[in-house]
Amino acid sequence: MESRSVAQAGVQWCDLGSLQAPPPGFTLFSCLSLLSSWDYSSGFSGFCASPIEESHGALISSCNSRTMTDGLVTFRDVAIDFSQEEWECLDPAQRDLYVDVMLENYSNLVSLDLESKTYETKKIFSENDIFEINFSQWEMKDKSKTLGLEASIFRNNWKCKSIFEGLKGHQEGYFSQMIISYEKIPSYRKSKSLTPHQRIHNTEKSYVCKECGKACSHGSKLVQHERTHTAEKHFECKECGKNYLSAYQLNVHQRFHTGEKPYECKECGKTFSWGSSLVKHERIHTGEKPYECKECGKAFSRGYHLTQHQKIHTGVKSYKCKECGKAFFWGSSLAKHEIIHTGEKPYKCKECGKAFSRGYQLTQHQKIHTGKKPYECKICGKAFCWGYQLTRHQIFHTGEKPYECKECGKAFNCGSSLIQHERIHTGEKPYECKECGKAFSRGYHLSQHQKIHTGEKPFECKECGKAFSWGSSLVKHERVHTGEKSHECKECGKTFCSGYQLTRHQVFHTGEKPYECKECGKAFNCGSSLVQHERIHTGEKPYECKECGKAFSRGYHLTQHQKIHTGEKPFKCKECGKAFSWGSSLVKHERVHTNEKSYECKDCGKAFGSGYQLSVHQRFHTGEKLYQRKEFGKTFTCGSKLVHERTHSNDKPYKYNECGEAFLWTTYSNEKIDTDETL
């Protein structure tokens, strides 16, 4: 006879194979809510043993051990144990929180067949606590069917209505049982703990937060919630000093420091620090979305995502930032937002030393060093570092864009993109640089901008040694060496290195220009082009060269300019060996060898090697003359014509340093140098 230790001292569970009557002095009880849909043919919802006086045994039923499923992740893997001394140090609210978390984890594992239907634990409760697990349905021996589990807690003093008499005559041959034998179990008189449990069934939430009005079904839940407002955090990490609301949260956090990831996905090999993360991750592969919104029918793979989504319908933003007054739907969003004001970056990469404000950002960053891309699209085979990238990519195949802007009607793949887009209309820029005061509509843009001040370039090309501030820039740069152009235009067949370039190119076919300058009325394909154009009117030049002090309106122009000082020319033509400072110059040069002229004028059919040449040419058709000689009022189609005017003005801007002789053009200056070297 196999035995296993459980909660109380001296307790053993034994599989007897058939139902036996309980010992004298013990009665079987059940929660009234669980019994509302009683049916003998399908089993009963569950019951607990009520110790009225000391005796030798109590009867509790359990699933047949022969049908247990061997799981990849067991409850023991995700359980957290306390010693008797540690348990006595916890206050009642902390004990409630601990038990709630343990039962929720166990229920999740059982529902996914990752845990067998029996529960084992150590003696972690005091004499005034009783621990009990209820099975929502029971296994019938003649069908050998493993069914689900429902967990609940009855603690201290409780009493339920007897159902044992109603079971007589319907027991024999249907169920396998377990007997709990024990030395002593304390008795209870007064009913207290059943009422909180019944609130689960009737959805009563009588505990209301005075700060934000949120309602909770249990007092312990309210205590836990109120800590988000009071910032009461007693559990401190010795590694980094960060504080947490509970010991469980601290234990979860400490795995960031240890790097421990014992849970591995069989589908893609990805590892996780916690079993619950593995369970959630596996839904990406299976496509399971068990949480559905009753308001709009949208389904989610995680209950947390459903909770977040439902706030979109209610519009409640109960978490407010004390620094700037901005309100959020969720406490986690507020916590992340507050880091913008404090500038705290506790998550540091051991590989390159880069620090991050959020743990998930560090996890994402580390994949740049490993190059691991476990998420592969089954349609086109493209692989991604993160699951959310795969999810967003798959929308390109379906073409689904459910999020529409009410202002201009533009549709988006995901809600976050819509939120970012709406800031173009509202002009909201919540992310401000403390260094120069410049504000941005996206936190990502602020992070990129700050690297201009620090000069940090941690991402280096192994091919030519060029360094970049951002990993995405390195990825794009490496395509110059590999020649990879995976993004193809379906309209004309032209290929591009990045999806961003393809998107901008496609506008040439549609002719759409939704972004208009309020100053001069000129329209643009994308918002960034409008921002850059507006600097012509304002005269703003935020990008300054530290070498010579020259300022530029675009960061790209500053990068190009700095190569004049360094003399760096990493881009070399394979055909003739000529080197260039910029990749775009190499691309233009290569067209000399291929004679490619992909830019065609729709007015006369003439083709050009670059878009710039086409733009200049089109001015002949439109008659547009942007460049004016202020002295004479004469206008020109292109800026190079202004250089001609130097012959009339006697302007000689290029001077030879050796003798001081001045020249109209740089070519004359170079000829002078060659002559001196010959002499």
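Every residue gets a Cβ built from N, Cα and C, even glycine.
Swiss-Prot tags one of the stretches 76-98, 168-190, 513-535, 651-673 as zinc finger, and that stretch is 513-535. Swiss-Prot lists zinc finger for one of the ranges 46-68, 138-160, 345-367, namely 345-367. When Lys238, Lys372, Lys588, Lys625 are compared in Swiss-Prot, the SUMO2 cross-link annotation sits on Lys588. Taking Lys221, Lys280, Lys597 one by one, Swiss-Prot attaches SUMO2 cross-link to Lys280. Using a Cβ-Cβ cut-off under 8 Å and counting only residues 6 or more beyond its ends in the same chain, the zinc finger (513-535) has close neighbours at 408, 410, 424, 504, 507, 541, 553-554. Distance between Cα atoms for Lys476 (SUMO2 cross-link) and Lys280 (SUMO2 cross-link): 32 Å, as a whole number. Cα to Cα, Lys280 (SUMO2 cross-link) and Lys588 (SUMO2 cross-link) are separated by 49 Å. Take the CB of Lys588 (SUMO2 cross-link) and look out to 10 A: across all protein chains shown you find 16 other CB atoms. In the zinc finger (485-507), helix, strand and coil residues by DSSP number 9 helix, 4 strand, 10 coil. According to DSSP, Lys588 (SUMO2 cross-link) is assigned to a helical segment. Within the chain carrying the zinc finger (317-339), a Cβ under 8 angstroms from the stretch's Cβ atoms is held by residues 212-214, 228, 308, 311, 345, 357-358, 430, all 6 or more beyond its ends. Counting Cβ pairs closer than 8 Å and at least 6 residues apart in sequence, the zinc finger (401-423) and the zinc finger (457-479) reach fewer than three and form no contact. Long-range neighbours of the zinc finger (373-395) within the same chain, counting only residues 6 or more positions beyond its ends whose Cβ lies under 8 Å from a Cβ of the stretch, are 268-270, 281, 284, 364, 367, 401, 413-414, 486.
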